[in-house]
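Since the structure comes first, as structure tokens, the remarks are kept for the end.
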Amino acid sequence: MSTSGACSTYPDNCGELQPNADIAGKGVFASLLSSACLTLLAAIFKYFTNFRVKHAKLIEFGDLPQQNSFRNLQILFGRLAKHMSVETATLWNNTLHSLIIGLADQQAFVALAILTVAAVQRDSISIYHFNIVSYLAWYSSFTHAMTLLVLVDWMVQSKFLFYLRMSIFAVVIGMVTWSQLASFDYSDALNGRVAACPNICNAQPAALHTRLRIACLFACAIQISIEILWASKRWKKSTTAYAIIVATRTFHIVCFVSTMFMVAGIGNIGFVRDTSRYQGLVKAEGFDEQENAWGFGQLVPLIMLGVPVVGAVEGFVDERKRLSLTPKDSSDFESGHSSNTADVDHYCLNCYCPNCTSSSRRRTLEPGP
């Protein structure tokens, strides 16, 4: 049916919903679910190992502040980190770094690829399949944003990599915002047969859940900007302690909410694909069999998921070999890390630190979480 013909009868008679396994197939959802779970676990463990390496001396000597309530999460991490050696944390930190880079690139380009296809086929793609595209693209971009929060320290080391990745992220946010605004509000009490119509016929305003998705993505972008300011040393020393506390709490809240959104999103994948929520929708003959078939387009995304994993295994082997060839030097710890008092002072915030240059309470700026 032509676009003009379909839209002339919208939303009453758009024909049967035709299958599109390349968008709604089992393999596409299985690869997305596997990639999201792997990315979530890697990002959490990377945050833990990076905390162990970054605050090694403070953790060893128990110098983490105990009085500031907003540091509770870091204090807990510090206690858990004592059970992991610095060498082991360094090994896994660098290994996860390689894995997360691969997963971040994969998530970004998966979102761009499916959104580009949806934009090209918008005259013919059904509302049902466009809703799936917009959800998958948002979820991939959201996972990508989570990885960028972990990779901030690495990105700011190279201006080229920084501008490249932030440009890709900006393009992803722009296209995801467009797809969310152009998607159909399936919570509205309309005849379910409208899901078979071309998405270009849809003229509904954005629903509340789509606005929440956009807001959550922009919240991650704002937090990434805050982390970049900290990592690039552009946070002025004149900044008040209150602003630092607010920013630190914001980071913890955003990370917690983002994690909850990712977990909820994993559980929502099956709901997005469910055709029964469109009451009265007429599906073409063999619709379920074709969309659930394991064809070439279903297996490729799953197989390609092994690419970043192989890269991480290679990075693990190389890093283990490098650490085995590096002589261990514990002189810093034996000397009470007196040569690193500047670093210790940098981490003290309204606390008594026995290894600081002064025995009195010190108030210095806290680096980003």
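Note: Cβ is positioned from N, Cα and C throughout, glycine not excepted.
Caution: TrEMBL annotation is automatic and unverified by curators.
Record features (TrEMBL):
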TRANSMEM  28-48  transmembrane segment
TRANSMEM  99-120  transmembrane segment
TRANSMEM  132-155  transmembrane segment
TRANSMEM  162-181  transmembrane segment
TRANSMEM  212-230  transmembrane segment
TRANSMEM  251-273  transmembrane segment
TRANSMEM  293-317  transmembrane segment
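With Cβ pairs under 8 Å as the measure, the transmembrane segment (293-317) is packed most heavily against 99-120, out of 99-120, 132-155, 162-181, 212-230. Distant neighbours of the transmembrane segment (132-155): 23-24, 28, 32, 35-36, 39-40, 43, 46-47, 50, 97, 100-101, 103-104, 107-108, 110-111, 114-115, 117-118, 125, 161-162, 165-166, 169, 172-173, 175-176, 179-180, 182-183, 210, 213, 216-217, 220-221, 223-224, 227-228, 231, 255, 258, 261-262, 265, 268-269, 272-273; these residues of the same chain sit at least 6 beyond its ends, with a Cβ under 8 Å from one of its Cβ atoms.
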